[in-house]
Amino acid sequence: MGFNWSLPFGGLGGSIGEPDAAPVHSITLFVALLLTCILIGHLLEKSRWMNESITALVIGVVTGILILVTTGGKSSRILIFDEEIFFIYLLPPIIFNAGFQVKKKQFFRNFMTITLFGAVGTLISFVIIFLGSRKLFSILGIDFLDTMDFLALGAIFSATDSVCTLQVLSQEDTPLLYSLVFGEGVVNDATSVVLFNAIQRFDLSHITSSIALQLLGSFLYLFFTSTLLGIAIGLLSAYIIKKLYFGRHSTDREVSLMMLMAYLSYVMAELFDLSGILTVFFCGIVMSHYTWHNVTESSRVTTKHAFAALSFISEIFIFLYVGMDALDIEKWRIVAKSPATSAGVSSVMLGMVLLGRAASVFPLSFISNLFKKSDNDKIQFKEQIIIWWAGLIRGAVSMALAYNQFTRAGYTQLQGNAFMITSTITIVLFSTVVFGLATKPLIRWLLPGHTARSSELEDDAKALSLPLLGISQDPGAETSTDNIQRPVSLRMLLTKPTNTVHYYWRKFDDGFMRPVFGGRGFTPFVPGSPIERSLHGGK
């Protein structure tokens, strides 16, 4: 299965009438649109409202309108959506680059809170959307869905859009918020996909305690095995490059090996029915910590920007297509026969998204704050509002799951399925544009002049002042183990578990992991290599 490229402009190209001409014209037009998104996004870089996702959505909608007019209302797009293409080709570079670029110390410091939001919060949202939509649809007289469909809706609309959130929040200006919202987004997407797949596998028409335990066991198994697979492949790539040191002959081999190993982690997870999102994310973290420091300086610059560019193009591709698909005339013609029902379905689902998000963020924030001794480490109410608001955005994951549940190869002739697809498109567009546009102003209003907290600046001064993937080769650029307070009692382990775990991890990392797998300060020395030339002043 793949994208079905179609020719929107009949007869375009004159003498080029062969069957192969259609894909060429369609690809040319889509690439031109991608370039347009990049150019306009650059011009709007300083806008306090717009971001790349919204720009691509708007351009997609405008293009869809033009294609509709040109084709006489027959089509609004130049390709047919296939959720497998999204999961296999477009999502991996986005998630991997997120793990590759993330500030690890900030992420793991808040790991328990992130897991609480991403896993438990998603389950709460899933249950509320499932029960609420089922009850309200019954009141409205909407009867074209069965129990499995309602369960699928719970998983579909529990998936937040981490792609758009990455462009809205700043990792430097709001490190805590970025860490929580982004980290939750990754775990959330993985949890939503796991829930959706579980719905397809289990008979959930009659949920029993036994089935609930099976679901819980399946989720825990997928979470841990997916994480371990990503870590294993990341370490394998580091060990291979450290031992063979490809850069002495060809930086191209180094870059190619890193890219292919990263993609291998994702496809292996899919092959073994694991969570590719979690696998490739943790593979990115491990590769940035070990593998990246084992390659030549030119390869570091290349991989850093290559991964970022692939992620950037994939994001624009997704949102551009979503904007075009929003005007799919086939589905809207079916829905137009009952506009009141369509509006009711969209309103109910949007209301459940708002309610489900609130029911997960605020109670879980309260629980998280109970286990934090310092007020500086607690999630303040204004920050909870921002986390709630930023997580309301729904995007490509919701679209992909909806197409998987309610269409075949992007098409549907069933009225009920058309209602669900158009409602999903409506919510994705509304949430991305409205919630996405208002997120930056909301942050500036609630947190004027917001900077990193004093405790974070004190603990992470070096980590936050230098890019995670900076070009500096100074081993002292990273916080030394000597600066970490040594745990001297069980009481410290209970009162400051993060610092204690971090101390023992750094001790193990410096004593065993880095000498074996490489990393900052443990780059292999090879005669004739760029390392030797740099040590001799480039001679």
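The backbone N, Cα and C atoms fix where each Cβ goes, and this holds for glycine too.
Please treat TrEMBL annotations as automatic predictions, because they have not gone through curation.
Annotated features in TrEMBL:
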type	residues	note
TRANSMEM	24-44	transmembrane segment
DOMAIN	34-445	domain 'Cation/H+ exchanger transmembrane'
TRANSMEM	56-73	transmembrane segment
TRANSMEM	85-102	transmembrane segment
TRANSMEM	114-131	transmembrane segment
TRANSMEM	176-199	transmembrane segment
TRANSMEM	219-241	transmembrane segment
TRANSMEM	275-293	transmembrane segment
TRANSMEM	305-324	transmembrane segment
TRANSMEM	344-364	transmembrane segment
TRANSMEM	385-406	transmembrane segment
TRANSMEM	418-438	transmembrane segment
Within the same chain, the residues 6 or more beyond the ends of the transmembrane segment (418-438) and with Cβ under 8 Å of it are 49-51, 53-54, 57-58, 61, 144-145, 149, 153, 156-157, 161, 164, 168, 319, 322-323, 325-326, 328, 331-332, 334-335, 338, 341-342, 345-346, 349-350, 353, 389-390, 392-395, 398-399, 402-403, 405-407, 412
Intrachain residues whose Cβ lies under 8 Å of the transmembrane segment (385-406), provided they are six or more past its termini: 53, 81, 83, 86-87, 90-91, 117, 149, 152, 155-157, 159-161, 163-165, 168-169, 177, 180-181, 184-185, 188-189, 192-193, 196, 318-319, 322, 325, 353-354, 357-358, 361-362, 365, 379, 412, 417, 420-421, 424-425, 427-428, 431-432, 435-436, 438-439, 442-443, 446-447
Long-range CB partners for the transmembrane segment (219-241) (under 8 A, at least six residues beyond its ends), listed in sequence order, are 119, 190-191, 194-195, 198, 254, 257-258, 261-262, 264-265, 268-269, 272, 274-287, 290-291, 294-295, 516-519
Tell me if the transmembrane segment (305-324) touches the transmembrane segment (56-73). I count contact as 3 or more CB pairs below 8 A, with pairs 6 or more residues apart. yes
Contact set, same chain, for the transmembrane segment (114-131): CB under 8 Å, 6 or more residues outside the stretch: 107, 150-151, 153-155, 157-158, 179-180, 183-188, 190-192, 195, 219, 223, 349, 352-353, 355-357, 359-361, 363-364, 367-368, 387
